[in-house]
Amino acid sequence: MTDSVIRIKRYYYIHILDNNTNVTRTISGPVVYTRQEHETCLFDPRPCVSVPPRHYCVVKNPCVRNEAGEVVLESSGQVKLRLGDAEIRFEGEPFPLYPGEELDSKEEQSVRKLQVIPPNTGLHVRCVRDFKDAERLVVAGTEWMVAGPQSYIPRVEVAVVEEVKATVIYPNTALLLQANVNFTDRRGVLRVAGEKWLVRTLGAYLPSVEETVVSLIQGTMLSELKALRLSAVRSFTDVYGKARRAGEQWQVTLKDAPVHIVDAYETKVAEVAAVSLNAKEYVIIHHPVDATGHNRFGETLVRRGECTFFLQPEETMPRGVEQVLVVGKEEALLLEAVCEYHDGGGKHQPGSRWMVRGPCEYIPANEVKLLEHRRVMALDRNEGIYVMNTTTGEVRAVIGKPYMLDSNEVLWEKHLPLAIEELLESPNGSIKTCERNAGFVSRREKYRIVRFNVQHNAAVQIYDYRTKKPRIVLGPSLVMLAPHEEFTVLSLSGGTPKVPNSMQSLQLFLGPRFSSDTIVVETSDHARLRLRLSYNWYFDIDRANPSQRTFSVPDFIGDCCKTIASRVRGAVAAEDFDSFHRNSAKIIRIAVFGVDEVGEAKKNLRFNANDFVVTNIDVQSAEPTDEKTRDSLQKSVQLAIEITTKSQEAAARHGNELKNQEAKGHLERQKLIDKIEVENARTKWLELQAKSEAVQASGQSIAEAKARAEALLIEVQSEMQQAEMRAKAYRISAEAELQKLQQRQALELEYTQRQNEIDVAKARAAAEAEAEKVRRMVDAIGRDTLVAIARAGPEAQVKLLGSLGLKGYLITDGNSPVNLFDAAHGMIGEPKK
């Protein structure tokens, strides 16, 4: 400011710099200040700092004041400052800032409101430098809580760490606290750093600076069906006054408290639901707790309803709640004693087994182990199972009746080779080697008896390796294997040409059947031919007593084909190609079947080793194996066919020409006949034309008269025909009506006759019934009784009249008939019933 005269209002101030001494001083208004030449006004008049009520400000580098409150000046006249320090000033008279003093502006506010601490709130403060308060020395680092409600008076030596709100503790809740340092809490309990405890007092709780709120713990509501399982973190005494060891587990139930709040050194393991059992339920508890509260590990306890209980710690129910075993009439339980056991039936040693048969209810005991719940196995007439006696090791088959395993019996599984299993599941017990399934898995129940349906006209050989004897079953039949029996598997040749082991089969087809084979032969002139042969065969066996030699040749197809091929090759080798080609069937038949005494070919070929008979052989094809020979043969055949075809064409052409010549001769002759007929027809036409001209000359009147006469004749004939048709129709209608009337009358007559017969039969039956009724009544009442009843009325009336002294009287005329039957009734006045 350059003005020499400065007007300073009230509560305003300026700083004047003395340029000679370099000292700055403060001048407060109201005053008019005349600036000297060596003085400089540093700024325009500024308002003094005004702190309203409930406010404060922070002055940095405050000036030093003496005990009287006056500003202390240095020797140079400069205001003495506490550099680096700060001073908090509250409400009062406005004051100027001396040179060097500064207002601490926080959030652009130099004057701030005093902080109000509401209820249930506190300020966590920390001493940043030592100071003395109410004769008490507060050292740096000390922390404390300023609780509300109040206004917080700040100090430069104290810093606010945070605002802390109280935690409200509701019913069934508690506050978990942890000590930060060693201290004595509000209840006078000494706490060490890291210790945890619960505050259960209801209401708002404001923690001290030595405490940390860990969490607010909700209580667990307990009921008759709900308990709380706890575990001790360390050894302590719980809220119920019981000493707990570290790691110990226990349960709190409704008997202890309706609500439980997990303590600081307790851990909630789980909420345990009560186990409720009805009269038909039970549980097996493992590791039960004894009366002292300790688990008996390795033991079990059976509890049966009706009851409700909680599982104690370490107790388990691996199988859960189980229904009481209801053993039916056709059921049983296989039991085994795990230790010495006494029941109503006697004493059982450990390891002994016995059966409990139904009907009954059974609950396993601790000393007994339930091995199996057995039922009667219903078996049809063609079903069975294998049963093994565990005592003797004997295996037997049970077939066709319901069976219950005994205590020393088990189902025995009969294992068969995988190849036989696959054959059993094939439709006819046969399968080709190329069709086998490498991943085949048998679905047969091993303990079920092995069954196989032998087809019609087939046989199966079964070998008992215990008795070393085979047996043969002829079809149709159902084979059931005994425990020590096995199937005889046939491995047959197949394909064309035959390949060994191409097919496996459980049954031997007895035939008649046929087989085909391809063989290569060579004639005497070294012509190689491929023959395709087919032959019929069957097994000649005695069905009443089949022989075991039928199965003596495992591959009878292969042996038969080899034998036939050998004979055919030998026979063909003795013939040249032309001779064999002309007589192939005869040569092969004689070679295979042979000849009898008279030189004729036999009818069959018999293999005595297995009673195998070949009845017929057929050559399906014969062709050279050499390609050139085959082509030459085909060319010769084609040439022969062409020659035959050409000769047939020439004969047909000659016959056709002969027929054409004959047809031409017939045609010429017919033309001449037609000309003669035409001339005759022309002659007749000329004659008719002449007659026509004569008729025309006779005049038109004759023609018209003839036409009218013919028309009249036609009309009369038409009317006559119509009259005949009407008469015929009337006659047909009358006959139909008459026939209809006759049929109706016949039906009515038949109906009337049947109705009369029914009425007569009904009347006869009613009369017979009435007569029978009367007869039975008479028989029931008796003859003497009827006579007495008939006489009782008249006798009584006579006696009555006699007692009155009347002899009787009657007045009548000759025209009125007299009925004296009821005269007595009329006289005595008795009503007629």
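In case you wondered, yes, glycine gets a Cβ from its N, Cα and C as well.
Record features (Swiss-Prot):
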type   : residues : note
REPEAT : 10-52    : repeat 'MVP 1'
REPEAT : 54-115   : repeat 'MVP 2'
REPEAT : 119-170  : repeat 'MVP 3'
REPEAT : 171-223  : repeat 'MVP 4'
REPEAT : 224-278  : repeat 'MVP 5'
REPEAT : 280-328  : repeat 'MVP 6'
REPEAT : 329-380  : repeat 'MVP 7'
REPEAT : 381-433  : repeat 'MVP 8'
DSSP-assigned states of the repeat 'MVP 2' (54-115) in counts, ordered helix, strand, coil: 0 helix, 25 strand, 37 coil
Other parts of the chain folded back onto the repeat 'MVP 1' (10-52), taken as Cβ under 8 Å at six or more residues beyond its ends: 1, 3-4, 76-79, 89-92, 94-99, 103, 110-111
Integer mean pLDDT for the repeat 'MVP 8' (381-433): 90
The repeat 'MVP 5' (224-278), counted residue by residue under DSSP: helix, strand, coil: 0 helix, 28 strand, 27 coil
